[in-house]
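Trainee: Sharing a structure, written as structure tokens. Questions coming.
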Amino acid sequence: MPHSDELDSRDVLSVSGLNIAFHHEGQQVDAVRNVSLRLKRGETLTIVGESGSGKSVTALALMRLIEQSGANVRCGEMLLRRRNRQVIELSEQSDAQMRRVRGADIAMIFQEPMTSLNPVFTVGEQIAESIRLHQGASHEEALAEAKRMLDQVRIPESQAILSRYPHQLSGGMRQRVMIAMALSCRPAVLIADEPTTALDVTIQAQILQLIKVLQQEMSMGVIFITHDMGVVADIADRVLVMYQGEAVETGSVEQIFHAPTHPYTQTLLAAVPQLGAMRGHSLPRRFPLISADEPALYESQIEQDTVVEGEPILQVRGLVTRFPLRSGLFNRVTREVHAVENISFDLWPGETLSLVGESGSGKSTTGRALLRLVESRQGEIIFNGQRIDTLSAGKLQPLRRDIQCIFQDPYASLDPRQTVGYSIMEPLRIHGLGQGDAAAKRVAWLLERVGLRPEHAWRYPHEFSGGQRQRICIARALALNPKVIIADEAVSALDVSVRGQIINLLLDLQREMGIAYLFISHDMAVVERISHRVAVMYLGQIVEMGPRRAVFENPQHPYTRKLMAAVPVADPSRHRPRRVLLSDDIPSNIHKRGEETPAVSLQLVGPGHYVARPLQDNALSRL
């Protein structure tokens, strides 16, 4: 049915009176109520709001994927102008018609790449499939275009990445693959649902720049869903603010940032962490407290002086972790990924040490090596005076209750067949620390501590938003009262208000229980707030390490300074010229078998502040 007379000539998408409902155990739950929006060619509309506000549900409705989640569009109109200028009503299209529309005319980058990529196909085959389907290219042409797209999203060793599987890539790498796949067919409308959540600030800056360039080339309309107000200020033309399933405010990016009218918008902006807010303070501090009824903020003056002097709870000495890459007729190991190269550090009780760096720098691998989820090539890991890198699985089991983890991808961490209450209770049952009513009460308490309701224990992971799933993972990590928590991007999927609540919770638990955190993150504003010390990683090596104040206020290494310069500012009037932050020749940590990485030498430049000495033949010297 033609609808061209109902869509403005400049619009590529129009949504009017959209209402979406979920059906659960015979009950109807309204997730989105009366949402309307318009998107013009070449325009970027950002949708912001708390986790569970209906942002992602709205996007899934536009892709006609909402039915797979047990929801339906109750009423409303969704008009799309295809690349051939034909205007269609999305809700009237059959499944076969939508398969032709998705990817070619409207594409989506999802928040959790591991659940969006097929684990049994290589990266190259998955990107090439979309190109073959919508562009009619041959297999060879599609693979060549897939490599070009990987180059565009700045994945090093793109030819090698084509033959690798999703589980062999870091979270940030997987997200870049998703972005390459979505942009490969140059759609008329791109929906990006938290596309840079898993990316470090430098790659985030490059990806945002790439989307802008492609948007201008193709006059592509972009709907950008995010909780990062710095990103909103950087890329948005207009902003739609959602709260509890409704659009509460819309306007230009300047109007929203400089003259917000709705109390929720004012509260949302006030809660944004600002890089530099900790200048002059040496110890971690809680985020400002937000009242739901009063946008004014109250900043706690309590500093987190929790570090216990004496012996470190965790010691790492000369850790090396490498992964083999096989190729050739006989599938022999010909190259290796030098993921972690000769790193050493200590972690004291009650301390937060943050690992920062780009995707693929070795941060997550370091955390997994400490948990013995991957085996290290060499080095020592000493926990509470006991060497654990040589322990058998049986002897390691009792120690696991003292070292817990929060992973980057919450959906992959939760069993989809079990209720979240069962998943939280499982560590208690395994370690014999509770069962029956006592365990149920513990689960209810943990859910409340992370901002969820006790009755959520009976729901399944797919019934929660990405941010809510991450809170469930945090509750599970806290169940055993651990001495050390390794948090791998633990708050990256959370909106700003919930992020502040979770960081405050982690700080409270650290003060009450003396927990030590190894905090892996690319969010420099959060790292600045929570850290006692910071270690900067690049290509598997630590290039700068020291007290948080010294590293942030006086960064010595060129790479550290580039990380700081890439952080987006949550103010559209303060755009900083952000050039491409890394050279076009991206160094790679993939080496021939037997080839050794030159070790960096750390120099003491201040109290506890160490910086890598550049080497002539080292990638660090080319930064």
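Using N, Cα and C of the backbone, Cβ positions are placed for all residues, glycine too.
The structure displayed is predicted, hence computed values, not measured ones.
The annotation domain 'ABC transporter 1' is assigned in Swiss-Prot to 15-269 on the grounds of sequence analysis. Summarising the annotation, Swiss-Prot assigns ATP binding site to 49-56, 357-364 and lists sequence analysis as the type of evidence. Residues or ranges marked as domain 'ABC transporter 2' in Swiss-Prot: 325-564.
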Trainee: If you count Cβ atoms within 10 Å of the Cβ of G49 (ATP binding site), leaving out that atom itself, what do you get?
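Mentor: So the Cβ neighbour count for G49 (ATP binding site) comes to 26.
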Trainee: Taking all residues of the domain 'ABC transporter 2' (325-564) together, what is their mean pLDDT?
Mentor: 89
Trainee: Among the binding-site residues listed here (S53, S359), identify the one with the smallest other-Cβ count within 10 Å.
Mentor: S359
Trainee: Work through the binding-site residues one by one (K55, K363) and point out the residue whose CB has the fewest other CB atoms within 10 angstroms.
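Mentor: Fewest other Cβ atoms within 10 Å, among the binding-site residues K55, K363, is found for K55.
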Trainee: Can you tell which of S51, S361 has the least company, meaning the fewest other C-beta atoms within 10 angstroms of its C-beta, among these binding-site residues?
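Mentor: If we count Cβ atoms within 10 Å for the binding-site residues S51, S361, the smallest count is at S51.
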Trainee: Inside 10 Å of the Cβ of G357 (ATP binding site), count up the other Cβ atoms and send me the figure.
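Mentor: So the Cβ neighbour count for G357 (ATP binding site) comes to 26.
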